[in-house]
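Please read the structure below before turning to the comments.
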Amino acid sequence: MRRVTLHCAARLVIAALWLLVEVCRAESGAQSLAERVIWAVNAGGDTHTDVHGIQFKKDPLEGKVGKASDYGVRLPILRSSPEDQILYQTERYNEDTFGYEVPIREEGDYILVMKYAEVYFAQSQQKVFDVRLNGHVVVKDLDIFDRVGHSTAHDEIVPFSIKRGKLSVHGEVSTFNGKLTVEFVKGYYDNPKICALYVMKGKLEDVPKLQPHPGLEKREEEEEEEEEGEGPEGEKKSASTSPKNPVRSGPRTPNPYATDNSSLMFPILVAFGVFIPTLFCLCRL
């Protein structure tokens, strides 16, 4: 009888400890950013692995569509880490609309990240174009210089989802056939271009944020102070003078200390709840 009791107690303890280990592994073994990226290209450039481990492939349009340019390699790119400036220094442009096709086989929530830097023009309204995603306009009148200035990194971030054979983006829905087409649309001002881009599974908060832009932050703070100091009439005036195209350089970095670890408490309590009575029974035997 004692042997049977000891055997059962040991099995209970092992089961509780296994449950604890599995939960801890699930919490700490979440996919890294690089593992969630399903497709990445360094437009107009060669392969590159960035500081987050994302592996950008060589431009598949080389020799097929548009022209590659490395004009920006002579310039330092603000807001980008030194290791990843090459992603903003090279680019592909075309005198007409062009784009890339991204195969997507699984349903879920995705993010398209497009990297830009204006390395040629020194004023706004010189290069303006749209970006389409499977026919949906997701970026309208993109003027890189107007957004961030010269030789400065800028990321356009577009969340979308694929569910039940439908693509949903910016409140619009269309049939999805397994290929995501990202198009850079020729406008009235110069040629459309792209420096680098990638598609990843996840949410907006999963996208790495660019380094701060002092000029933009100062302008945003001044606008906030004006809005706080004015009444209803001032609010109307502030709204009319606000920039037409807000800067989209990525979501705010999540606070790592705000993570809820309550999911770990249950298996720990279970383990102790099983271990202590078992130990007590063993001592009595």
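Cβ coordinates are placed from backbone N, Cα and C, and glycine is handled just like the others.
In Swiss-Prot this protein carries:
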type     : residues                             : note
BINDING  : Tyr71, Tyr93, Tyr120, Phe121, Asp190 : carbohydrate binding site
COMPBIAS : 220-232                              : compositional bias 'Acidic residues'
CARBOHYD : Asn261                               : N-linked glycosylation site
REGION   : 209-258                              : region 'Disordered'
SIGNAL   : 1-26                                 : signal peptide
TOPO_DOM : 27-262                               : topological domain 'Lumenal'
TRANSMEM : 263-283                              : transmembrane segment
Please list, in sequence order, every residue of the chain apart from Tyr71, Tyr93, Tyr120, Phe121, Asp190 whose Cβ lies within 8 Å of the Cβ centroid of the carbohydrate site.
Ser69, Glu91, Glu118, Val119, Gln126, Lys127, Asn191, Lys193
If you count other Cβ atoms within 10 Å of each one's Cβ, which of the binding-site residues Tyr71, Tyr93, Tyr120, Phe121 has the most?
Tyr93
Collapsed DSSP category at Asp190 (carbohydrate binding site):
coil
Across all chains shown, how many C-beta atoms besides its own are within 10 angstroms of the C-beta of Asp190 (carbohydrate binding site)?
16
